[in-house]
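Undergrad: Handing you this structure, nothing more for now.
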Amino acid sequence: MLAVVLVLGIGFGARFLAPGEVWSGLVDSGSPYYRIVHEMRLPRTLLGLLVGLALGLAGAIMQALTRNPLADPGLLGINAGASAAVATAAAFLGIATFSGYVWFALIGAAIVTALVYAVGGGRAATPARLALAGAALNATLYSYVSAVLLAHTESVEAMRFWTVGSLASADFPTIHRVLPFILAGLLLALATARPLNALALGDDAARALGARPGVIRVLVIVAVTLLCGAATAACGPIIFVGLLIPHLVRPFTGPDLRWMLPYTAVLSPVLLVGADVLGRVLGSPGELQVGVVTAVLGGPLFLYLVRVVK
Amino acid sequence: MATVRPRAVLVGAVALAGMAVLAVLTLGTGDFPIAPGDVVRTLAGQGTAAHAFIINELRLPRVVTAVLVGMALAASGATFQSLTRNPLGSPDVLGIVNGASTAGLAVVVLGGTSAQLSLAAVAGGVAAALLIQLVGGRRGLHGYRFILVGVGMAAILNGISGWLLTKGVQMENARAMLWLTGSFDGRGWEEALPLLGVLVVAVPFLALACGPGLRMLEMGDDIAAGLGVPVRRVRTGALLAAALVVACAAAAAGPVNFVALIAPNIARRLTRAPGPNLLPSMAVGALLTVGADWLAMHSGYPLPVGVVTGALGGAYLVWLLVSQRKAGRI
């Protein structure tokens, strides 16, 4: 499925390429499609792959850590935290490149992750508390972002696409910058799978199984920060990917994170790149930003979960 | 109102007095500063011609709009918080304001007139309220299910707003951003008078027709039904009226964030009365919007008022969540 979506991701655009043409564009430097594929479609699709993977994994381990089916980096305000930090950097410090953004995004994501966890009640967090704490932070941070953007109109033009969540500005340097952070987050997330399984039984049981709950919480928060911060710095805040995929995967894999995380890592990019393709098809000749597509697709699922989950 | 509580009257009076002081200060603020004494004299009809022009023609419409918007937001917030039996259940958290702002934004992006914008905002707000009621209100409007449905709806609408923002051409974009934040800049009688009309009809309806029923409903649907309250009718009537009021406020000034959330909370804390606390909340709401507007004017560069209320309200919301948790209520 991932392969199919990746080929589609490269193929769709102002000029549709058939799968065979995609292949020739990829490997044959003499092909007429080589430049389209390598300079425009490929970076976009690869970035979609990385960002989808990051958001899906972050959602999955957050849901496991908080034992909360409604956890999502967008809904809990973590992506908004990264946005606010990036907006600050762009407006006040005049930073306009991705390599400058990424550290601010990481710091913003880290602060909000800690804050939402603390406000939402830490270990005693319930789904409702966390979601409301996230809503509160989201509202505050977005009004801050719009204040900054209003005061610095020249940055509005550049930022208005970014604040929706879009893959349109993808290029290879961005991918190179984002790759180490997402890889580190990926490894960390996979490493926490076993202890998180133990933690699902409760702190005491986890300790009896040899896990250290405090250390695991810190590791998971670091992993979430790395994944969300890097993803947001690269293409803006994207909501609901982290919510959707773990719920789609869980019925097939069961609650064991050692199975769930790899499947999430494969399926989340399918969703994100798929949403990007859908956005380009629906919005043609222009495009619908991927963040818009995921919000409109993921929102109804959230509403369904709210109705079903106690 | 069956009984008049002295404490509620006192709170309302103090808030209105504070609002009057701030309004006089705001009227004196601008490119041409006017001393507070002169402002009062001009309002009483005894000022110089220049002062009368500046205050009555230029600055008064804005302040009156601010007062009315604050009252409308607070009235709607008080009703919603009573309906949801939850201090967090305000129309901005529930996504009703987002419905109004998204619909308004669509008109801004399409280049419509301000009359079309107002109509769209009102329709959007009421439609969002109906939709949330439809999806989340099957088992009553209280409980976290209803609020979470609102949060989800707000997230979807935000996504759509973001998309609309990228659609606009650059000229309209600044207008669109300003609309999304909420501002009293350039608001005049043509915004204030329709809002006044809606308030004159809706507030007595909420206070007299729904107020007693809402106070009973806070004890639980079954008890209220046992006491002879037509639960369904009161609930639907109050929901629609409150949604209409908040949508009209948004149509007048854009979505001024969080006033609907904070004002009733403050009023309830001060009056310590059950029920929606409609009139004291409205006084506090007007105090908040006029005060926030005054703060925005004195912030160094021209901030829209929605930014001030957003920042203050967000902080208050976080504090509310923490204190609610400590009290074991959520």
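Cβ atoms are placed via backbone N, Cα and C, with glycine included.
According to TrEMBL, the feature transmembrane segment maps to A:44-62, A:74-95, A:101-119, A:131-152, A:172-193, A:214-240, A:260-278, A:290-309.
I'd like to know what surrounds each of these features in this structure.
TA: Proximity of distant same-chain residues to the transmembrane segment (A:74-95), defined by a Cβ-Cβ separation under 8 Å and at least 6 residues beyond the stretch ends, is recorded for 55, 58, 62, 101, 104-109, 111-113, 115-116, 120, 130-131, 133-138, 141-142, 144-145, 148-149, 151-152, 155, 158-159, 162-163, 224-225, 228-229, 231-233, 236-243, 302.
Listed by sequence, the residues of this chain that lie at least six past the ends of the transmembrane segment (A:101-119) yet keep a Cβ under 8 A from its Cβ atoms are 66, 76-86, 88-90, 95, 125, 130, 133-134, 136-137, 141, 177-178, 181, 221, 224-226, 228-230, 232-234.
Below 8 angstroms of C-beta separation, residues 43, 46-47, 50-51, 53-54, 57-58, 60-61, 98-99, 102, 106, 216, 219-220, 222-224, 226-227, 229-231, 233-234, 257-258, 260-262, 265 of the same chain, each at least six residues beyond the ends of the transmembrane segment (A:172-193), sit close to that stretch.
Sequence-distant contacts of the transmembrane segment (A:214-240) (same chain, at least 6 residues past either end, Cβ-Cβ under 8 Å): 47, 50-51, 54-55, 57-58, 61-62, 64-65, 72-75, 78-80, 82-83, 86, 98, 101-102, 104-110, 113-114, 117, 161-167, 169-170, 174, 177-178, 181-182, 184-186, 188-189, 191-192, 195-196, 199, 206, 272, 290-291, 294-295, 297-299, 301-302.
Counting same-chain residues at least six beyond the ends of the transmembrane segment (A:260-278), those with a Cβ under 8 angstroms from any Cβ of the stretch are 1-2, 5-6, 8-9, 12, 44-45, 48-53, 55-57, 59-61, 167, 186, 189-190, 193, 238, 241-242, 244-246, 248-250, 252-254, 288, 290, 293-294, 297.
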Undergrad: Given a Cβ distance threshold of under 8 angstroms, which distant residues of the chain, six or more beyond its ends, lie next to the transmembrane segment (A:44-62)?
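TA: Answer is 6, 9-10, 68, 71-74, 76, 78, 167-168, 170, 174-175, 178-179, 182, 185-186, 189, 192, 196, 220, 223-224, 227-228, 230-231, 234-235, 238, 241-246, 249, 257, 260-261, 264-265, 267-273, 276, 290.
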